Amino acid sequence: MPMARQMRIAVHMEGEMEIEPVAHHVGSMKADDAGRLNSRSATGGWTAAIFNMGVEIAERSAYFGVSSNLISYLTGPLGESMSSAATAVNVWSGVSSMLPLVGAFVADSYLGRYRTIVLASLLYLLGLGMLTLSSMPPTMNPSECTDFTACPRTQFQAGVFYFSLYVIAFAQGGHRPCVQTFGADQFDENNLEECKSKSSFFNWWNFGVHATSLVTTLALNYVQDNIGWTLGFGIPWIFMGVALTIFLLGTRFYRCHLIEDKNPFAKIWKACATLINSWQRTSIFATSTNGSTEALLPHASDRTKHSGYSQHESIDDAGQEEEAKGLLQLFPIWAACLTSAAVLGQSTTLFTKQASTLDRRIGTSFQVPPAALQSFVRISLIAFIPVYDRVIVPMARNFTGLPTGITMLQRIGTGLFLSVIMMVAAALIEMKRLETARDFGLVDMPDVAIPMSMWWLLPPYVLDGIMFVLTFVGLQEFFYGQVREEMRSLGLAFYSSVLGAGELLSGFLVSVIDKVTGSRGESWFSDNLNHAHLDYFYWLLAGLSSIQLGLFLCFAQSYVYKKKVPTAL
């Protein structure tokens, strides 16, 4: 029988030694955030994780069911211009991606992940319910509208609609960082087999979410465009109700973590303050002469002599300094991935605009919608995850001995390299598209399809999906594992904020370049894409991605992982 509990010794500033039991092994008992004792042999593992995957699949289907076709609703029933609608969608998406930082703070400091998920789900239901009601046509007589799905809504309905959107944004801000964290919590990282399962969990989590949302999003978009917006928004409300039900049904299988008495964020603030004070003291000694330094040392010795707990305080300060340094190491990695997040956003914007100018015929009459090509990102993502998890990782494991095959930073770096290749490929394809338009005399005819197959765009879309698996799924696992256990919701919120900041960066670059180039002649982003220079923009992103990769390699080389991965039971 393994030991039921392992003992952890914590040194406090008061100089006391406390022995704290920590449950890790199968068969031990662990209290959850509701105060119950659960046997680890009967909780956690894939059973609990599958419940969490089901919750996330339903929630993501609801979220993408609203976000994927939002611009069509704003330009249709709400009657907004294309520019104002695009701005509204970008702002909402950016805010939605940054709010998980707030949700993570609330979960890790006050409520716990379980309670935050429940409350966020209830708020989600409220927001989706209001959204559905606000989308109802002002008249129930279809003959009064030329297009019933685009029947104009009132100003009051528009106000309620926007309010509902931001209620949903706040709800997913609490839901998104907690559910995946809670699912990963079901695996004990101190056990070799469960450590392997935890690494696979992040892969299969994304597989399930993207595979299901691909199908549901296409179906919901059809309903919204051809049947009605009220039903199109009502179905996500049902999805969210299913998500909450699934989560509550799995309660007895969950391993939950108690919230510590002290706010973890207050501890981090104190650790950073301690580190700053240490740097200041080091700077003072470094700039002092030998004589003045020697003069200062006796005073420091006297303070140590006359302080009752200064020795223990020094030990505690040293530990806090190391913790603060570990957190500060995360920010260069975060910043070094922003350009890739901006690259990721091109598949839903500029790639789609390119596709609209190409020959999209299948057979003699069927035309593929330009936005439908985005599905190849998810298809490549779904196809690559099993290859990575079941082929690449086991092969790499034989050489490295690591449960994850390669390190998390090696995985992320490989994805960053692919982002460079992806942008180079996109730039070359756009150069080919412009050359074809010139050869056939179509430069001034933007509405005429260029005799160039849409399948030319397939490589960037496929690379987009593979890059996501390597870089962004890797970032999920990295940020989860490299923060304190009680702050892991914040860790996954860091991942989400990379995507949000990347979207804002992409929008900023496009806005600035459009103004600068437009003031000097034809903009790189001209409405007539045959006059535009998307290839220049892609080369710029390729260059920025190359610089980003170089910085990442420097940061990764000096990075010290928080803890070693177990290599034996």
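Heads up, the Cβ atoms here are built off N, Cα and C, so glycines get one too.
Checking TrEMBL for transmembrane segment across the ranges 204-223, 324-343 points to 204-223. Counting residues 6+ beyond its ends, the transmembrane segment (461-480) has Cβ neighbours under 8 Å at 180-181, 184, 198-199, 202-203, 206, 330, 333, 337, 340-341, 343-344, 347, 351, 373-374, 376-385, 388, 404, 408-409, 411-412, 414-416, 418-419, 421-422, 425, 488, 491-492, 494-495, 498-499 in the same chain. Here the transmembrane segment (229-249) does not touch the transmembrane segment (492-513). Their Cβ atoms form fewer than 3 pairs under 8 Å, with each pair 6 or more residues apart. Remote same-chain residues near the transmembrane segment (409-429) are listed as 333, 336-337, 339-340, 343-344, 346, 351, 354, 456-457, 459-460, 463-464, 466-472, 474-475, 478, 535, 538-539, 541-542, 545-546, 548-549, 552-553, 556, 559 (criterion: CB distance under 8 Å, separation of at least six residues from the stretch ends).
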